[in-house]
Every structure is written in structure tokens, then in C-alpha cells.
Amino acid sequence: MKNIILASASERRQELLKRILEDFQIIVSDFDESSIPFKDNIPSYVMNLAEGKARSVSKKIMDQDSNLVIGCDTLVAFNNKVLGKPKDKKDAFEMLQALSGNEHEVYSGLAILDVKSNKIITDFVCTKVKFSKLTSLQIEKYINTGDPMDKAGAYGIQGKAGVFVENINGCYYNVVGLPLNKLNSMLMEMGVNL
């Protein structure tokens, strides 16, 4: 059995991976996301970011050849504009105000790299999420919890912002940060049967 390494500091991703894998390591990627410019193709962009994270971690473990490294990146898109993590409370407010009453997309790029063979597979998942109309007070109260500050699009569906979601079309776990169904099929493609 290959050793599985998650190239992420995200507690949400770690919790989700524990649902399908009993044993894996965490090695945080030091990949510079700004090294990949966004060029209007969101699926390609998130897959490139995920691959960058996986390759960054693989360089740290070159002496261990029975490893598979999982890289993942999630972002929110609204009107073909990428919404990353908010810079500050004002930025979070503007993001949530834009999403209010509207549908947006959540994209996750996945990359799985076999360190020994250097074989890599990448894929992505897109989930459509529609928010109810939010009041300024709702947005401010949510921002004051601190919850949105480390999340793409300034919200976490698994937390208090779950009440903002009117409907979802696609993988719920993708919106949380790790699309388990897609990850499972990619792991199977790399010879890992869960």
C-alpha cells in the first residue's frame, strides 16, 4: 500500500480525508500560488494550483518512493471572477454582498502525484451554490464570528454560513474543500482502492 500524503494545512480537508482514509500524512505545501497567473480558465487554474502544491511537497520527500501526494485547491467564482480568501473584513463584506441572492460556482482542482514514477493526474469539480438574499446585518454578524476570514468566497458551508445556502447543485464536499467522490475515483486510477 502506498503512503498517502495530503499537501494541505486545511483542517477541513484533513477532516474530510479521514472519512475515507484511515492512514495518511500531512505535509504542508510551501507552493507560491501567485506564481501561477489566472488567465480566465478557472478549471485549468485550480488544477495547476493543485499540481503545484503536490509537486512542492514531493520535492520534500524525494527519498521516499512509495508515496502518493494529494494536492487540492478550492476557489469561489462569481460572474467569472475569482473570489479567494478575503483580505480583511471589508473585503469579506463585499464578497458576501455580491453572493447575496445569487448563484456562484465553487471549483476544486485535484492533483495526485506518484513520487516514484512522477505520474500525475489532475481533475476538477464544479458545484453551483445559490445564496438567499442576505441583509447587511446578517453579513456583519457572520463576519464578526471570524469564520469567513480563512475561506475562499468568505464563507464556509459547513458552519454558520450554511443557513445562507438556498440550494446546491453538485458535490457538497467540494464546497467544504475536498470533493470526496472525485478524489476516490482518482485514487482508484492510481491503484488505491478504499
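Quick reminder: no glycine exception, Cβ is built from N, Cα and C everywhere.
It should be emphasised that the depicted structure is a prediction, and the values quoted were computed from it without experimental measurement.
The feature active site, proton acceptor is assigned by Swiss-Prot to Asp73, with sequence analysis given as support. Non-local neighbourhood of Asp73 (active site, proton acceptor): Glu33, Val46, Leu49, Ala50, Lys53, Ser108, Gly109, each in the same chain, at least six residues away, with C-beta under 8 Å from its C-beta.
Per Swiss-Prot, site 'Important for substrate specificity' is recorded for Arg12 (among others), and the stated evidence type is sequence analysis. Under the three-state DSSP scheme, Arg12 (site 'Important for substrate specificity') falls in the helix class. Sequence-distant neighbours of Arg12 (site 'Important for substrate specificity') (same chain, six or more apart, CB under 8 Å from its CB) are Gly156, Gln158, Val176, Gly177, Leu178, listed in sequence order.
For Thr74 (site 'Important for substrate specificity'), the same-chain residues 6+ apart in sequence whose C-beta sits under 8 angstroms from its C-beta are Val46, Val106, Tyr107, Ser108, Gly109, Ala152, Asn174, Gly177, Leu178. In this structure, Thr74 (site 'Important for substrate specificity') is part of a beta strand by DSSP. Annotated site 'Important for substrate specificity' per Swiss-Prot: Thr74 (among others), in sequence order.
The secondary structure of Gln158 (site 'Important for substrate specificity'), as reduced to three states from DSSP, is coil rather than helix or strand. Residues annotated as site 'Important for substrate specificity' in Swiss-Prot: Gln158 (among others).
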